[in-house]
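Engineer: Take a look at the following structure, please.
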Amino acid sequence: MASELPETSPTRPQLPANLANELWQRYAAQQKRKITEPAPSQSPSEIRPEDYLSFTTHLKSSTRILGLFGAGLSAASGIPTFRGAGGFWREYDSMTLATPSAFSKNPALVWQFYSYRRHCALRAKPNKAHLALAELAKKKPDFFSISQNIDGLCQRADHPAGNIQTVHGSLFSNRCTECTYVENDNFTDPLVPAFALPDDVDPSDPEFPLKDIPVEDLPRCPECAALLRPNVVWFGESLPQEAVTRIDDWIAGGGTPDKSKIDLMLVVGTSALVYPAAGYIHTARARGARIAVFNMEEPTEEGPSSRLRDGDWFFKGDAAILLPKLLKGIIGVVAEA
Ligand SMILES: [Zn+2]
């Protein structure tokens, strides 16, 4: 049995050699930094008065706004991210579980990881950052966002579907490994009876033995009976083409030349290390955008904040505290979900 499991040490994702190498170097540098640097202080989310004034003034006059959301957006909702240092689930580095090869080797293990993540996301509630961004999209119809999150919390915060594009899929979408079948918005928990757990069991605890689930009891395609898989983007897989096209269309102003300018970009809860997400910051800037970054982590040489220039903003702290304050002039007071 043990020989069928993925390696527990980080292994290089299966990507084209040059891209894999670049991502691996960045990942290694990030890990090294986390080991060698002291843990970030839990200082309160503070906004300097001059930043507040310049940001809110610019926001008011902005019409074309691009958003880029990452895991930090959902941090206040208590969603485990399984990224970077500490990105382990049980004894497995999550980077080795979120791969096509891990799934083909041991679909029951990978499915149980995703079943746990679905369960966590369903128990979580959208936080004030999700709600504030959803309200902003209602007040500013040309505020369009790219979300790297798969937890569905923007959707549950009633973020207008026309104003957001996910790029890493969804925990609540599944697709067939053989045919073209896709199901969306399946919020059943557990997805199949074999994933049911007693109430007091935490499947993240390596002490708790995982079930040895036969493949026939895993989620199956209703069309062809083959294995279903989570409809998420794994390491080594490309972003869905329709997502990329929709984002590119918005950036290009939908063919309207006078709409090709972007006034502002809101980068929320992501270090944006992963391309092409990081590339969107450059794209927005090339179209005139000023960049505002909201993140817990201090600027690093690789993060988007390091690429900040005069006229940009870095707001350090929890997005669920920062965004309601900074967007209040447009959206009013954000109530709890
Ligand atoms: Zn099928």
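Residue positions begin at 1 at the first shown residue.
Note that Cβ sites are derived from N, Cα and C of the backbone, with glycine treated the same way.
Predicted automatically and left uncurated, TrEMBL annotations should be read as such.
Feature annotation from TrEMBL assigns domain 'Deacetylase sirtuin-type' to 45-337. Annotated active site, proton acceptor per TrEMBL: H168, in sequence order. Annotated Zn(2+) binding site per TrEMBL: C176, C179, C221, C224, in sequence order.
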Engineer: With the Cβ atom as the reference point and anything under 6 Å counting, tell me which of the recorded positions (H168, C176, C179, C221, C224) are near ligand 1.
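Structural biologist: Only C176, C179, C221, C224 meet the Cβ criterion.
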Engineer: List the same-chain residues at least 6 positions away in sequence whose Cβ sits under 8 Å from the Cβ of C176 (Zn(2+) binding site), in sequence order, or say none.
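Structural biologist: Those within reach of C176 (Zn(2+) binding site), by Cβ under 8 Å and sequence separation of 6 or more, are V182, C221, E223, C224, A226, L227, L228, R229.
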Engineer: Would you identify which of the binding-site residues C179, C221, C224 has the most other C-beta atoms lying within 10 angstroms of its C-beta?
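Structural biologist: That would be C221, with the most Cβ atoms nearby.
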